[in-house]
Amino acid sequence: MRRLSLWWLLSRVCLLLPPPCALVLAGVPSSSSHPQPCQILKRIGHAVRVGAVHLQPWTTAPRAASRAPDDSRAGAQRDEPEPGTRRSPAPSPGARWLGSTLHGRGPPGSRKPGEGARAEALWPRDALLFAVDNLNRVEGLLPYNLSLEVVMAIEAGLGDLPLLPFSSPSSPWSSDPFSFLQSVCHTVVVQGVSALLAFPQSQGEMMELDLVSLVLHIPVISIVRHEFPRESQNPLHLQLSLENSLSSDADVTVSILTMNNWYNFSLLLCQEDWNITDFLLLTQNNSKFHLGSIINITANLPSTQDLLSFLQIQLESIKNSTPTVVMFGCDMESIRRIFEITTQFGVMPPELRWVLGDSQNVEELRTEGLPLGLIAHGKTTQSVFEHYVQDAMELVARAVATATMIQPELALIPSTMNCMEVETTNLTSGQYLSRFLANTTFRGLSGSIRVKGSTIVSSENNFFIWNLQHDPMGKPMWTRLGSWQGGKIVMDYGIWPEQAQRHKTHFQHPSKLHLRVVTLIEHPFVFTREVDDEGLCPAGQLCLDPMTNDSSTLDSLFSSLHSSNDTVPIKFKKCCYGYCIDLLEKIAEDMNFDFDLYIVGDGKYGAWKNGHWTGLVGDLLRGTAHMAVTSFSINTARSQVIDFTSPFFSTSLGILVRTRDTAAPIGAFMWPLHWTMWLGIFVALHITAVFLTLYEWKSPFGLTPKGRNRSKVFSFSSALNICYALLFGRTVAIKPPKCWTGRFLMNLWAIFCMFCLSTYTANLAAVMVGEKIYEELSGIHDPKLHHPSQGFRFGTVRESSAEDYVRQSFPEMHEYMRRYNVPATPDGVEYLKNDPEKLDAFIMDKALLDYEVSIDADCKLLTVGKPFAIEGYGIGLPPNSPLTANISELISQYKSHGFMDMLHDKWYRVVPCGKRSFAVTETLQMGIKHFSGLFVLLCIGFGLSILTTIGEHIVYRLLLPRIKNKSKLQYWLHTSQRLHRAINTSFIEEKQQHFKTKRVEKRSNVGPRQLTVWNTSNLSHDNRRKYIFSDEEGQNQLGIRIHQDIPLPPRRRELPALRTTNGKADSLNVSRNSVMQELSELEKQIQVIRQELQLAVSRKTELEEYQRTSRTCES
């Protein structure tokens, strides 16, 4: 109300200040554009207005000890406000309606006799405001984004209303009809209302409303406590009664009697003046019914002794002729008292059947002291005052919406806005709208709303029918048998009293139920196997798989199964076992009931499809099954139509993928070490080789020309050879370094290579076997699922809770995955394991997926990602089933006593594939595909070797001649001894030829006594060269030392002095070493000359032989 006042004040200010308000309103976001008719919408202000009159609060009168048929029912009480004060409503912000309990008709005597009840006030104004607020939140109720407004009349003593600031509260209502008409015109009709809602409380006010509707041609809906009799049938004036129609109770009671073929009945009245006219008329119109006695115990109720004596006589007289007794006008206290007295003193004939004819409140129903087989009917929830007000307002809104689609101008623009100019010739908007009011039906808050005849708005409630029976524990319990909808009874699964004889095979004992249980195959909760040759199950429960959900077919199959002549085809028989079957057997044992088990015909859990529920849910709703036991997920949609027990198994949704054993690719042998490690190893190798070379050439003891006058040289290529040999473990001849630093560094490199090689070898086997790759999904929010690309395929089971979750949470994802959904979980697993696979990922309950992973012999399945959509498995039951509470209690006991843990260990104790110990042969048995990379590497090596050979020839023929011509590039000994020889080959050959031609001359010039010694004073490399053996005339190559003949110095020349460790010269040692070295060189020369002499002698012999042979031939 305060919010409406603020908006009215803002509108008035905007009228005074047009320019600023225009700027303010320009910033308000505009609503969506209206297609048509824009001019009409602008004229009516984008609102449909409904007037309201007779808004005085209703005060319910206290009930008398003896009720008339139109008395109101006692419900939840409210304190009546003090005179002159207003009740302050406190609605919940998210509530759809405000609950003010209506006093409807109920069993009399719910209070003590003579005790009054406090009066209660009902406030029509508040109910109207909340009805408008709730209906404006309903999308699509009115077309063109129209809103609903209420225009309330101003009544004396109620104060001014913000919706009508221009009206004066001082205008009192007159008692005569003409003054009332004038007041309605001046305060309500001028606002352009489409209809009027009224709350009359007397016959005179009803006549005033008749006058208003006839004169102004405006539809009026009167909300009354009970129907007022009317002589005229005015189609513009409708009345909606808050009282439950007596005819509804009569119809339900007659339907119950007809359903059970109880045509012979008697009546028992607790109140003499109770109205049973409608019931008697219905039974008299049907020739099958026969009314016996009418037992009126009104006068005998106060005295127990009188009541006992009277009932004993009456009940004995009717037990044979009319065994059915219908009770009217009795509250629960009186009913209990009657049955307690008759049972205590043994005057209750056991063959009597009892029916309560009055509607009962389910919350007031008790079982103590009541006989088994008692039938009652009533509503689970009681309608309240605000429900009827909102339904009346919605009736107007729906009629306007329908009329607008045909003639918008006539439906939206009221014809009567000035009472002085009433349209009488043409069709008015009120007359046009009344046609649609009479043909509008919908399901409202108070019941099914429709117009009966031409003046009555009927709110038909759906009644439930209960029967007092034994529960599985042997205790009395109210069991729902069915419901009364649309004038007929819709049966539930409960057993009607007269139908017990038709279910002899199902009920062998009155206290032991025989239920029909439906299941669905889902491992490990339900397995199936074939029956034996005799059609029996050595282990597990016998179940039928008839491939249908037709109740009559199942009845005939089970009847045949339990008969002596079993004609059920063997193909329909299966043996069911598993987690849920064990649980079902335990529940049946503890609750003492038998059951027949069958597999759901369509193989679905259940979903709303083509206007009905399928699968397990559909079988429960149609009464085909009394219980559904399998991995039945509890979700919101299913819980709204069926009952679930408390969860016996908690799970969530998961994602299943397939792992693929990939053969090691070409570069797999390098996978044990990261590429950064490989790079580091080869960089360290070459750095080590560089430092080895530097240390060796800088050391005085190194294997270099300057070191110890060695015949071999340690170059950079030698260092690389050592480093690679140590890294890869080659056993080849190498030239190790001679200096201490080089050897230390070489050993350090060997340690480094040992650790690298051991790490590589340790990881090589696992890598070469092949890596298991799979689709990496983080969960349901993974981009691969929300934005699938490159043919990524994923799905779930059709009509399962997983599909329902995806459809509600991610509609776009559901639309994509529909093409990949599968009929059942085994199909999805098979699609993953196929080669090639038909699915890349499968979404389903994680409990089912974990089991599939654990039994996968090939270890190809894996669950990935975070679990999502936590849910539980429960046992499904029909709505309002009496078994729900008992089974839930048993499940709680099973959990606390460890039975559920035992079931889990029994059916889930399978070694997970990831924890299996593989055989050694399975791991190390590798084929050529695992080493394909090494073979490729070897082939690449062959190719590179060919390229290297070609490169050598190119270097030898093109590059070396150019290097030889450059004097600065002649020395390559530090890099490669072989390269150095190749570059200096021409120089050595010239020296060798020069030595061969002149050595005889040199030796002939030496005197006989002259000692020829070599000049050893110069220790440089130029005077120490190797002899290169030539390949002349096919002889073997021998290396000799070539040096330049230098004239010997005087024998007394002082040798250069060398410093020893003590600082003195040691010339004796130097000369001694030089002589020994020269002697060894001379011995080598003698050996060479000797070989040449041998060759010369051999040649001479050959020539002489040749000469002798030639002479012989000439002669």
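Counting starts with 1 at the first residue shown.
Including glycine, each Cβ sits where the backbone N, Cα and C put it.
Features as listed in Swiss-Prot:
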- 59-118: region 'Disordered' (REGION)
- N145: N-linked glycosylation site (CARBOHYD)
- N264: N-linked glycosylation site (CARBOHYD)
- N275: N-linked glycosylation site (CARBOHYD)
- N285: N-linked glycosylation site (CARBOHYD)
- N296: N-linked glycosylation site (CARBOHYD)
- N426: N-linked glycosylation site (CARBOHYD)
- N439: N-linked glycosylation site (CARBOHYD)
- N549: N-linked glycosylation site (CARBOHYD)
- N565: N-linked glycosylation site (CARBOHYD)
- S631, S633, R638, S801, D845: glycine binding site (BINDING)
- 695-715: topological domain 'Cytoplasmic' (TOPO_DOM)
- 716-727: intramembrane segment (INTRAMEM)
- 728-741: topological domain 'Cytoplasmic' (TOPO_DOM)
- N886: N-linked glycosylation site (CARBOHYD)
- 949-1115: topological domain 'Cytoplasmic' (TOPO_DOM)
- 1058-1109: coiled coil (COILED)
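Counting every protein chain shown, the number of other Cβ atoms lying within 10 Å of the Cβ of N565 (N-linked glycosylation site) is 5. Looking only at the recorded positions N285, N296, N426, R638, the one with its C-alpha closest to N565 (N-linked glycosylation site) is R638.
For N285 (N-linked glycosylation site), the nearest of the recorded positions N264, N275, N296, S633, S801 in terms of C-alpha separation is N264. When every Cα pair among S631, S633, R638, S801, D845 is compared, the largest distance found for this glycine site is 17 Å. Mapped onto DSSP classes, the topological domain 'Cytoplasmic' (728-741) shows 3 helix, 0 strand, 11 coil.
In this model, the topological domain 'Cytoplasmic' (949-1115) carries an average pLDDT of 60.
Around the Cβ of N285 (N-linked glycosylation site), 9 further Cβ atoms fall within 10 Å across all displayed protein chains. The Cβ centroid of S631, S633, R638, S801, D845 marks the glycine site; residues of that chain outside this set whose Cβ lies within 8 Å of it are Y605, F632, I634, N635, S800, A802, E871, Y873, given in sequence order. For the glycosylation sites N426, N886, the ranking by surrounding Cβ atoms (within 10 Å, all protein chains) places N886 first. Listed in sequence order, G606, V617, F644, S801, G876 are the same-chain residues six or more apart from R638 (glycine binding site) with CB atoms under 8 A from its CB. Taking N296, N549, S631, D845, N886 as the recorded positions under consideration, the smallest Cα distance to N145 (N-linked glycosylation site) is found for D845. Among the binding-site residues S631, S633, D845, the residue whose Cα lies closest in space to that of N439 (N-linked glycosylation site) is S633.
Each of the recorded positions N145, N275, N549, S633 was assessed for Cβ neighbours inside 10 Å, and the highest tally belongs to S633. Following the DSSP three-state reduction, the secondary structure of N565 (N-linked glycosylation site) is coil. D845 (glycine binding site) carries a strand DSSP state (E or B).
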